[in-house]
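Peer 1: Got these off TrEMBL a minute ago, pasting:
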{"type": "TRANSMEM", "residues": "207-229", "note": "transmembrane segment"}
{"type": "TRANSMEM", "residues": "273-298", "note": "transmembrane segment"}
{"type": "TRANSMEM", "residues": "310-332", "note": "transmembrane segment"}
{"type": "TRANSMEM", "residues": "344-368", "note": "transmembrane segment"}
{"type": "TRANSMEM", "residues": "374-396", "note": "transmembrane segment"}
{"type": "TRANSMEM", "residues": "431-453", "note": "transmembrane segment"}
{"type": "TRANSMEM", "residues": "465-491", "note": "transmembrane segment"}
{"type": "TRANSMEM", "residues": "503-523", "note": "transmembrane segment"}
{"type": "TRANSMEM", "residues": "535-557", "note": "transmembrane segment"}
Amino acid sequence: ALLLLLLPRARADEHEHTYQDKEEVVLWMNTVGPYHNRQETYKYFSLPFCVGSKKSISHYHETLGEALQGVELEFSGLDIKFKDDVMPATYCEIDLDKEKRDAFVYAIKNHYWYQMYIDDLPIWGIVGEADENGEDYYLWTYKKLEIGFNGNRIVDVNLTSEGKVKLVPNTKIQMSYSVKWKKSDVKFEDRFDKYLDPSFFQHRIHWFSIFNSFMMVIFLVGLVSMILMRTLRKDYARYSKEEEMDDMDRDLGDEYGWKQVHGDVFRPSSHPLIFSSLIGSGCQIFAVSLIVIIVAMIEDLYTERGSMLSTAIFVYAATSPVNGYFGGSLYARQGGRRWIKQMFIGAFLIPAMVCGTAFFINFIAIYYHASRAIPFGTMVAVCCICFFVILPLNLVGTILGRNLSGQPNFPCRVNAVPRPIPEKKWFMEPAVIVCLGGILPFGSIFIEMYFIFTSFWAYKIYYVYGFMMLVLVILCIVTVCVTIVCTYFLLNAEDYRWQWTSFLSAASTAIYVYMYSFYYYFFKTKMYGLFQTSFYFGYMAVFSTALGIMCGAIGYMGTSAFVRKIYTNVKID
């Protein structure tokens, strides 16, 4: 009989999002923090708020993403039941001594507001407000909740803060709440639509920027095709004419161009171990980006706390063989011998960069007692994923890559002695090509960067993943076109150091993205303080570096195919 009584309660809850009449609905208090510093958050009860009389419910972080994003759910103690209205009632009392008053005054001065959850729906409320002179401070003491339901599901929650009480030391402040249930026509699937901002994300500027980038792609592809087809046709004609000359005429002839470096163009790059690790990591980041965007387009990941981050971590771990395959095969083709060392560097390059930055920021978060401080158990879990999932899968990918495509099957023989690189004009130097190479790829994505930054650093939910997919495709095409042109000019100047040049000219996009992040910080946000500044620039550095490695890998892979193609079509003795 007891089991029969408990069964319905076990079946219906906030995980299933279905409720029965009079069933308990939990109001979770999450975090509190300054409005302008979205990432600087603290536990709700770090401010001297009082708890309701109802006994606490033990909560744990269901997902890794929740823990990493600083979600700190604590039970409010408020007694709320499904479809059961609550008249205005006092739920607790704050004994306001000087210390507690100072804490509230500091929070009000810095525009603190808090976040709560009912059935995974976020609710925001402001702590209090100051008068016009900034002398008196008032606390909002009355939470008026209006909850919309459709059938046995919660589809809408609204909070109105009322009951303004002046903060005077050594007084008692009563905290109260009321709950009003109302029927709603909103479908359960559409309940997050009110949090989205179509006027912001589907603005004409957004559409125009996509169209602009798309036209740039068509122009670039056309330009690259025309230049290379015409120029290469002339080159092929000249080289075939040279083939028909006798040795004396050829020696008297003016030899120049990309054919002259055929004996060195497939020479291994300098520092092949680092280079192949970067290419492998870049290919993996591209695979992760592609899969996560596709999943986000199919599933509305923004409706579940931390689900985007959890998905990204899972996909990153699962795509480790991609890293091993491309990095391992490239290292083998370049004649690398220390393949185990290369595998370790490839596997831990991105995790070490991310974890190192997170570890540094964690110290600051712990000092500030912020909810962003990552728990020790979560750190251990991430390390276990690195050692017991990412590394073995990377090993599998490396072995496959070495065995399936690790043989150096170049169309030209590599000379034993490297050819001297002739003097050339300053703008043909690899350093100049690298600096200029990232401008066009950055130009194709910088509007989208604004929308992505705003969704992460301000209170917007990014949901237009179709735009993001289109921008990723455009970025890939522009990057490949630009690096092919850069490489063609470099080879024509008889400089065969194209591997690093193609990688770095594409990767320099990251420098422009990071420079843009400075502009965004100072002109588009109102952030301040050591915690927020270090958090912003630390994670923007990680984002920019990962983007740069991905662009570099895409640029190199496209250029590698181009170089192989042009040297295959030339008759070489």
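Keep in mind that glycine also has a Cβ here, set from the backbone N, Cα and C atoms.
Automatic prediction, not curation, is the source of TrEMBL annotations.
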Peer 1: Could you check whether the transmembrane segment (374-396) packs against the transmembrane segment (310-332) - three or more CB pairs closer than 8 Å, residues at least 6 apart in sequence?
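Peer 2: Output yes: the transmembrane segment (374-396) sits against the transmembrane segment (310-332).
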Peer 1: Cβ pairs under 8 Å only, please: of the recorded stretches 207-229, 310-332, 431-453, 535-557, which one is richest in them relative to the transmembrane segment (273-298)?
Peer 2: 310-332
Peer 1: Would you mind listing the long-range same-chain contacts of the transmembrane segment (431-453), meaning Cβ under 8 Å and 6+ residues beyond its ends?
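Peer 2: That would be 200-201, 205-206, 209, 212-213, 216-217, 220, 462, 464, 467-468, 471, 474-475, 478-479, 482-483, 486, 489-490, 501, 504-513, 516-517, 520, 524, 551, 555.
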